[in-house]
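Participant: Pasting the relevant annotations from Swiss-Prot:
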type: SIGNAL; residues: 1-33; note: signal peptide
type: BINDING; residues: 48-51, K107, 237-239, 303-310, 374-377; note: ATP binding site
type: REGION; residues: 136-290; note: region 'Nucleotide-binding (NBD)'
type: REGION; residues: 410-510; note: region 'Substrate-binding (SBD)'
type: MOTIF; residues: 662-665; note: motif 'Prevents secretion from ER'
Amino acid sequence: MLTFNKSVVSCAAIIYALLLVVLPLTTQQFVKAESNENYGTVIGIDLGTTYSCVGVMKAGRVEIIPNDQGNRITPSYVAFTEDERLVGDAAKNQIASNPTNTIFDIKRLIGHRFDDKVIQKEIKHLPYKVKDQDGRPVVEAKVNGELKTFTAEEISAMILGKMKQIAEDYLGKKVTHAVVTVPAYFNDAQRQATKDAGTIAGLEVLRIVNEPTAAAIAYGLDKTDEEKHIIVYDLGGGTFDVSLLTIAGGAFEVLATAGDTHLGGEDFDYRVVRHFIKVFKKKHGIDISDNSKALAKLKREVEKAKRTLSSQMSTRIEIDSFVDGIDFSESLSRAKFEELNMDLFKKTLKPVQQVLDDAKMKPDEIDDVVFVGGSTRIPKVQELIENFFNGKKISKGINPDEAVAFGAAVQGGVLSGEEGVEDIVLIDVNPLTLGIETSGGVMTTLIKRNTPIPTQKSQIFSTAADNQPVVLIQVYEGERAMAKDNNLLGKFELTGIPPAPRGVPQIEVTFTLDSNGILKVSATDKGTGKSNSITITNDKGRLSKEEIEKKIEEAEKFAQQDKELREKVESRNALENYAHSLKNQANDENGFGAKLEEDDKETLLDAINEALEFLEDNFDTATKDEFDEQKEKLSKVAYPITSKLYDAPPTSDEEDEDDWDHDEL
């Protein structure tokens, strides 16, 4: 156990004061030093609970990149079917038929221990299985007929990999560096796990940026004149953050932040789902609480209804053959939706008040309130915030779904040396107080919450007993007075302390918090110079270096499988299109078919039917090469017959095939 050495308080206080004075300057130098590296194109990714978004800065402008469906936001869903992995829209669209193998809300699991209360509460609502593996939650899904487990980092990596692919398809080149956003209230372990997910996805995550800070950049990029105090109210699908910032001349300084990493649109949906479970049971005597397929259908329709209620006063939820052949048909009014969720809506006001108190400001000193996240479209949420700020109208100049990715892309532009953003400076803060346990179980603070980062703080401690050879450094985050009531981040020992009376040895403990909010702690015996340190890794919740390397290999294997499947489907489609095109032509009695000799026509149709039968019998099981062989076989029959009809026949099989081989629209 450690004790606090009071004799060095004044010295430490002076050092701390000096640190704060020089911090804005050192932060600016840090950002600009990073931007001198040659990273190539750096994309910005908003890795959301329910939806993700990717942007890039090109020629001084930010572009939000649409996915292959033309959508600018992509569902944070991963699904495993019998023969493929789906990510994004395709995964979400099939959840009703495949609920136990469709993974979503993974952001609510990442960086947690399995026995965390929030995780135990969360997994009760999920249709897929969450298991305990070495103290951390892993999800279980059936892949190619076998049960396989995935860490939250792996699933997040699949989503990040999808966003990476979207950017690469758009840019036409490989992307290896990114800025990724996280909720401001994410703790150290959650930030580390998010960086690990990026590594597994083949991305070097240059910066972890807090979501409200990124949104503030989107809001304030073109507002470089007078100083403004703004509040960013970020209510997304699964997390909630509030940050109070000062914006002036390209500098974005966070003064205070607060939030709840388990509050968002998914919670509002679940309240409505729970309501309709009771209604259906009362009407039909059937409890669907454990029916994953019925729940997936209901959840999907409830989410649609919630969106509708943002612009209408009521809507109707209709689901054919909901369960046991019974149709579901119920109305939902905006008033009922608000009644079911009012306590959750009001719960968001507490962090708003907290950031004002921490920054020592009043509501009327705030120049603008910026809404971010899809859940801020809920009319009652808007009304509550406007009333809180005495009728102040909410700023609606930025897209709440895209603002975070926009800001991340700007930060990516800063790091890659894009023109027009040279003067942008981010000064963010740590969301929670950091300290160590000292004698009596007390939490002794080294870095207070809302301290600007990056930062470093040192303090001298001593031994609690005579001749104590070892001190245990236990690192905590949280606001409670006793260490046991806070969150243990990690611990390590400093050994080999020479025998001495209690209180004599001087142990210097140093906390270093980097610009990503990731903590390193060191302890040095000033008498012997002996030291030890750790980068906080939350041993029970974080992947080891070896595990990360293994996950990278598995991710590459999945990517290869995806590539092989895509090539197989392309070959299958090419054969199918070619066969059907030939068949239609051969049967056209007013055109091509009328010119064929009867024997040739019969030979051609036999070959076509053989190819179509092969497709029908081997649609899922044949390989790419087998589909290609069938197409070549059909081509060898078709070519001599079709070439008779032309004065100038094609010079090769390949040219002939091109006449018939077209992608379907």
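Think of each number as a place in line: the chain as shown, counted from 1.
Note that Cβ sites are derived from N, Cα and C of the backbone, with glycine treated the same way.
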Participant: At a 10 A cut-off on CB-CB distances, which of the binding-site residues K304, R307 has the highest count?
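Facilitator: Within the set of binding-site residues, the most crowded position is R307.
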Participant: Comparing the binding-site residues G48, G238, which residue's C-beta has the most other C-beta atoms within 10 angstroms in this structure?
Facilitator: G48
Participant: DSSP-wise, what's the residue breakdown of the region 'Substrate-binding (SBD)' (410-510) into helix, strand and coil?
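Facilitator: Result for the region 'Substrate-binding (SBD)' (410-510), in helix, strand, coil order: 10 helix, 47 strand, 44 coil.
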Participant: Could you check what DSSP calls R307 (ATP binding site) once collapsed to helix, strand or coil?
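Facilitator: Note: R307 (ATP binding site) is helical by DSSP.
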Participant: By the count of other Cβ atoms within 10 Å, pick out the sparsest of the binding-site residues Y51, S310, T376.
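Facilitator: It is S310 that, of the binding-site residues Y51, S310, T376, has the fewest other Cβ atoms within 10 Å.
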Participant: Summarise the model's confidence over the region 'Substrate-binding (SBD)' (410-510) as a mean pLDDT value.
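Facilitator: Mean model confidence (pLDDT) across the region 'Substrate-binding (SBD)' (410-510) is 88.
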Participant: Under DSSP, is T376 (ATP binding site) helix, strand or coil?
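Facilitator: Helix, per DSSP.
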